[in-house]
Every structure is written in structure tokens, then in C-alpha cells.
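K.L.:
Sharing the features that TrEMBL gives for it:
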- Lys20, His27, Tyr136, Arg184: heme b binding site (BINDING)
Amino acid sequence: MIVPFLCFPSALSDLSEQIKAATKDNHVRAENTQLMLSYQKGEITLVQYKVLLCSLYEIYRALEDELDRNASHPAVAPIYFPQELARVESLERDLEHFFGSEWRKRVIVPAATLRYGHRLRQIGRENPELLVAHAYTRYLGDLSGGQVLGKITQKSLGLSSKEGLSFFHFPGVSSPNRFKQLYRSRMNSIELTEKEKAAVLEEAVQAFELNIQVFDDLQKMLSVATETADQHKDRSPAAVLPSSPIVQFTVGLCVALATIGVGMYAL
């Protein structure tokens, strides 16, 4: 249940507005990556969505582990809403839906995703106030554009309102707009020195850059996998592995993992 909130006037002195201004260009770049452009056009495929879920799981697992561990930190406590915002369990349900009960053995995580997770765990240990930047950019993005992407995913993949789409649903948030106002007001109330505030702004920019790297890595991985699968398909029957699309994609994916430094991560 969401607690009542006070509506503060928007001003550039507010931390949330400063982050929005500082990351404006990065936000545009993230939206214009090849993967996101395909998504926005309704051209997302099941394979793209599944590998995206794998990366999101690794990112949110790191973020929420560190938020939980630093829940009492002065900078984290005001924006700590695990019941309303936590995504890990939702992502686990989606991954189980698509990969089955043994999904932990089948999750594929690109190198850029591992770097993102490492950064979250590093600042959680050393500079917990910087988690504010990542929580803001991720969760408020989920409550904004993420809702649109959820509808696109459902339509593009022909999914029901429940199966495979748990990530986009926030049962603990009755009104996304009101909750975002509450979140921003809590965030703007955090007391930071000028040096800490500058570091948070810089980290917010870094958060978008990490996301862009993840999107690019996923797209490269999928492109190499598809190209390699096609090459195997074109070979003579004697030289070709079984023609199942799943086998073909797996072959391509293995090459993609080696080509762009992607790691297989057993969770």
C-alpha cells in the first residue's frame, strides 16, 4: 500500500530534475539503439525478449541485493520501496515461463550485463548513495515507458495478460503517476553534499551508458547468432547439424558468445 505523499513544486534544484536534465541526451541515445527501435516499432521477437529478460534479471538481482543491504542508509531509505517496486521475483516467473523449471541453467548474460551488475555491487559496497541514480533511472523508467513496452510485447508476441509479462506489472502500485510523484518527492528530500550530488548525477549518466552497452551487446549477440545459423542452414546436408530452428539458433549463439565476449552465467 502506498503511503500519502506531498506534492512539491518542480524545480531544477530538485535532484530528480537535475538527473532528468543531465541524462537527457543519454536517454535519447538509449531509445535509439537498434534493439529499442525494433521494440518501439512492434518488431520484437520472442528470442529478443527472452535474452532481454535474462539481462534484466541479472541487473535487478544486483540492484535489489544492494538496496536491501543498504536499506537503512540515509540516502537509500527514503527511496526504498521493495513491496511496490522489486522486480526480481517477477522476472523469475517470466524466465520460468519461457525456459522451464531449469531456467537457471539456461540463462545467457552478455558481458555488458555482467559489467552493469558488477558496477551496482561495487557502489553498494563503497558508495551506497550512488544507488539512488540507478534506482531512479530503472524503476521510474519501468513505471513510465515500460508500461508501453509491456503492451507492445503482449501484442507482438501474442501473449496473454499474465504469461511471460510479470515484469511489466506492479500489483503494489495502484497509480503509477501518483507513485512517481511520491518517489520524486522522497528522492528530492535526500540530504547530499554538493560533492555527493555531483557524483549521483555522474552515476545517472553512467547508468544510461551501461544500459546502452547492454542493448548493443544483446543486438550483436542476436545478429551473430542469426547469421551463423543461416550459414549452417546453407551448407550441404552432410555438413549440417540437425535443421531444427532451436539447434540452429543455439549454434549461432555459441559463436556469438565467443565473438563478442558474452559469458554464459549459471544463476
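Glycine too: its Cβ is placed from the backbone N, Cα and C atoms.
A quick note: this is a predicted structure, and the numbers were derived from the prediction, not measured.
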K.L.:
How big is the heme b site in terms of the longest C-alpha to C-alpha distance among Lys20, His27, Tyr136, Arg184, in angstrom?
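P.N.:
Across Lys20, His27, Tyr136, Arg184, the widest Cα separation comes out at 18 Å.
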K.L.:
Over all shown protein chains, what is the count of other CB atoms within 10 A of the CB belonging to Tyr136 (heme b binding site)?
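P.N.:
Cβ-Cβ neighbours of Tyr136 (heme b binding site) within 10 Å number 23.
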K.L.:
Please report the number of other Cβ atoms within 10 Å of the Cβ of His27 (heme b binding site).
P.N.:
18
K.L.:
Please compare the binding-site residues Lys20, Arg184 by how many other CB atoms fall within 10 Å of each one's CB, and tell me which has the fewest.
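P.N.:
Counting other Cβ atoms within 10 Å of each of the binding-site residues Lys20, Arg184 gives the minimum at Lys20.
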